[in-house]
Amino acid sequence: MQATATTLDHEQEYTPINSRNKVLVASLIGTAIEFFDFYIYATAAVIVFPHIFFPQGDPTAATLQSLATFAIAFVARPIGSAVFGHFGDRVGRKATLVASLLTMGISTVVIGLLPGYATIGIFAPLLLALARFGQGLGLGGEWGGAALLATENAPPRKRALYGSFPQLGAPIGFFFANGTFLLLSWLLTDEQFMSWGWRVPFIFSAVLVIIGLYVRVSLHESPVFEKVAKAKKQVKIPLGTLLTKHVRVTVLGTFIMLATYTLFYIMTVYSMTFSTAAAPVGLGLPRNEVLWMLMMAVIGFGVMVPVAGLLADAFGRRKSMVIITTLIILFALFAFNPLLGSGNPILVFAFLLLGLSLMGLTFGPMGALLPELFPTEVRYTGASFSYNVASILGASVAPYIAAWLQTNYGLGAVGLYLAAMAGLTLIALLLTHETRHQSL
C-alpha cells in the first residue's frame, strides 16, 4: 500500500513540460542511428573496407583488420558512457544528449567521406579507426541519455511504455539499413557499389542527425534533473560514486542486459553469416533472400517493443522480464536445430521471427528498468555504464563464439551458449528488486 500511495501522490504532481511526440522522436532517433550504423558498418567491414582502407595482399588479413575497427567501438562505448554520463549527471540531460548525437553523427558521416588506402596510404585505416572510436564514444552516451529523456518525462504509470521509445529505434534503424543495402543492390552494379555506393548510407545518416538535433534542442530539461540541480545535489565524480556506492546494482544491471545483447547479435550477425555461407559451413541461402527475411522479422521486433513496455507497466519489470528470459532459454534450447538448422527458408524465417520478437520483448522494458535501478544523481552514468559494459560481454564476442561453437560442436551448442547467457540474466533478475512503484 505504501508503494502504491507514493506512486499516486507522484502522479498527481506530474505535469508534462515536453510533448509526448517530441519525447518519442528525440529518444528514439539516437538508437535508430545507432542500429542503422551498426548494420551498415558491419556489412561494409566485411564487403568493402578490406578493399578500400587496407593494403592489398592477404585478403584474410585485410578482413580481420577491418573487423578489428568494428570492435573498436565496443571498447569506446564504456568510455563514452563514463564521459557523457559525467556531464549528463552534472550539467544536464538535454545538453549531453545533443553532444552525444553530434559526436556519433559527425563520426559516421566522416567515415562516408574518407579517402581510401590508394589515396592517403596508412592514414586511411588510422582515420577509419579514429572515426569508429568517435562513433563508439557517442554511442556510449546515447542510449542512457535517451532512456532518461523518456522515463524522466513519463507519467509514472506509463514509465515503461515511454521507456520503450528508445528501443523502437533499434528495429527502425535495422529495417532502414537492410532496406538501404537492398535498394543499392538493385540500383547499382558491384563496381559502382564498391566505388562510391557504399558511402551513401553513411552520408545519409546526416539527415537523421539533423532531425534529431532539431528536436532535442527544442526540448526542456528533464524535470527530475532540474530538482537535483536546484537542490545542488549533483555529485562531483558520478563514475566514482557509482563504483563505490552502487556496485551491486551496476553489476546486476550489466547482467540483466546480457541476454538482450547476446540474442540480438546471434539473431542478426551470426544468423546472417550462417544462412548465407556455402554448405557444409552454412545453409547457402541467397544473401538478398536472407536480408528480406530479416527485414520482415524485424517488424515482429518493433511490434513487441511497446507490447513489452505495456506488460512491464501492468505486471512489473521484474516479473515480466523473468517470464521473457525463461522464454528465451526455451527458444535457445529447442529452436536452433529444428528451425535454423533445417535449411528450409520458411523454417529459417520462423526462427528469425521468433528470435527477434523475443528480442523486442526483452529489450522493451530496459529503458525503464535500468534507469530505475539508480538514484538521479548517478542515473545517466549508471544506466549507460551497465548497458555498454554488457555490450562488450554479450555483443562484441557473441558472433565469434557462436561461429566457433558451431564449427566445433554443432548448431545445438550455439543454442546452449545463448541459454547460458540468458541464465545469467535470469539470476540477475531474481536478485533485483521490483522498481515499478518507485519515484524517480
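First residue shown is number 1, and so on along the chain.
Heads up, the Cβ atoms here are built off N, Cα and C, so glycines get one too.
Feature annotations, courtesy of Swiss-Prot:
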type	residues	note
TOPO_DOM	1-34	topological domain 'Cytoplasmic'
TOPO_DOM	56-66	topological domain 'Periplasmic'
TOPO_DOM	88-108	topological domain 'Cytoplasmic'
TOPO_DOM	151-167	topological domain 'Cytoplasmic'
TOPO_DOM	189-192	topological domain 'Periplasmic'
TOPO_DOM	214-248	topological domain 'Cytoplasmic'
TOPO_DOM	270-289	topological domain 'Periplasmic'
TOPO_DOM	311-320	topological domain 'Cytoplasmic'
TOPO_DOM	342-345	topological domain 'Periplasmic'
TOPO_DOM	367-384	topological domain 'Cytoplasmic'
TOPO_DOM	406-410	topological domain 'Periplasmic'
TOPO_DOM	432-440	topological domain 'Cytoplasmic'
TRANSMEM	35-55	transmembrane segment
TRANSMEM	67-87	transmembrane segment
TRANSMEM	109-129	transmembrane segment
TRANSMEM	130-150	transmembrane segment
TRANSMEM	168-188	transmembrane segment
TRANSMEM	193-213	transmembrane segment
TRANSMEM	249-269	transmembrane segment
TRANSMEM	290-310	transmembrane segment
TRANSMEM	321-341	transmembrane segment
TRANSMEM	346-366	transmembrane segment
TRANSMEM	385-405	transmembrane segment
TRANSMEM	411-431	transmembrane segment
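For the transmembrane segment (411-431), the list of distant contacts is 251-252, 255-260, 262-263, 266, 270, 274, 318, 321-322, 325-326, 328-329, 332-337, 340-341, 394, 401-402, 405: same-chain residues at least six beyond its ends, Cβ to Cβ under 8 Å. Here the transmembrane segment (109-129) has long-range neighbours at 41, 49, 52-55, 65, 69, 72, 135, 199-203, 205-206, 209, meaning same-chain residues at least 6 beyond its ends whose C-beta is under 8 angstroms from one of its own.
Listed by sequence, the residues of this chain that lie at least six past the ends of the transmembrane segment (168-188) yet keep a Cβ under 8 A from its Cβ atoms are 27-40, 43, 146, 197-198, 200-201, 204, 264, 268, 288, 291-292, 294-295, 298-299, 301-302, 305-306, 360, 363. With pairs at least 6 apart in sequence, the transmembrane segment (321-341) and the transmembrane segment (67-87) have fewer than 3 Cβ pairs within the 8 Å limit; the two do not touch.
Outside the topological domain 'Cytoplasmic' (432-440) by six or more residues, the chain places 3-4, 6-7, 10, 151-152, 156, 159-160, 224, 249, 252, 256, 312-313, 316-319, 368-369, 371-373, 376, 379 with a CB less than 8 A from a CB of the stretch. For the topological domain 'Periplasmic' (342-345), the list of distant contacts is 283-285, 289, 293: same-chain residues at least six beyond its ends, Cβ to Cβ under 8 Å.
Segment contact is absent for the transmembrane segment (130-150) and the transmembrane segment (249-269), given fewer than three CB pairs below 8 angstroms at sequence separation of 6 or more. For the transmembrane segment (385-405), the partner stretch with the most Cβ pairs below 8 Å, chosen from 35-55, 193-213, 249-269, 321-341, is 249-269.
As a whole-number mean, the pLDDT of the topological domain 'Cytoplasmic' (214-248) in this prediction is 90.
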